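So the structure is just underneath, and the comments pick up after that.
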Amino acid sequence: MNFSAILLLALGLAMDATAVAAARGLSVPAIRARHVLLVAGFFGGAQALMPVIGWLLGARIGPRVQAWDHWIAFVLLAFIGGKMLWEARGDGGDDGGEGETTADPFALSAMFVLAIATSIDALAVGITLPMLNAPFAISVVTIGVVTALLSAAGLFAGRRFGALLGKRLDLAGGVVLIGLGFKILLEHLVLS
């Protein structure tokens, strides 16, 4: 497997994380360095770590992971998306505020769950990398760096989109996450 193929693989794996990062960007009034570091670190780190775990676990759990990865990703993304929708419905409620949600969309626990949900496919890729004769270290680093960069770009794109459309885009972010969960589920159930 040459570097061009590895780069294409990395781009494909990064798409889910980029979409989730864009959804996170919708939910903040301004992007801070902390947000960029969290998004790039969690998503890039998880995408790089999962192939390593997949490679280490190898064929022992490969068939089990592939049989359930889409369900796991769907449940995690639907849960986080549903939580965003629930929090968004409370905007402008009892506190008489400006419509800010109480939860931090960049809380470590939320970022961890989202990073795992968007990187489960990378676990399966890690199992297959040796079969593809791909240089392992180069593949893992490329997957992590590409995901980190695209996720950071997605965060800014989501913020820009949110700035143009106004404050109530937590709803859109929740819908995006739930939609992404359905997309992953349908790809595996229908296209497999």
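Just so you know, glycine gets a Cβ as well, placed from its N, Cα and C.
According to Swiss-Prot, the feature transmembrane segment maps to 3-23, 36-56, 65-85, 112-132, 136-156, 171-191, an assignment based on sequence analysis.
Most Cβ pairs under 8 Å to the transmembrane segment (3-23), among the stretches 36-56, 136-156, 171-191, belong to 136-156. Between the transmembrane segment (136-156) and the stretches 36-56, 65-85, 171-191, Cβ pairs under 8 Å are most numerous for 36-56. Tertiary neighbourhood of the transmembrane segment (36-56): same-chain residues 13-14, 17, 20-21, 24, 62, 65, 106, 108, 111-112, 114-116, 118-120, 122-130, 136, 139-141, 143-145, 147-149, 151-152, 154-155, selected by CB-CB distance under 8 Å and a gap of 6+ residues from either end.
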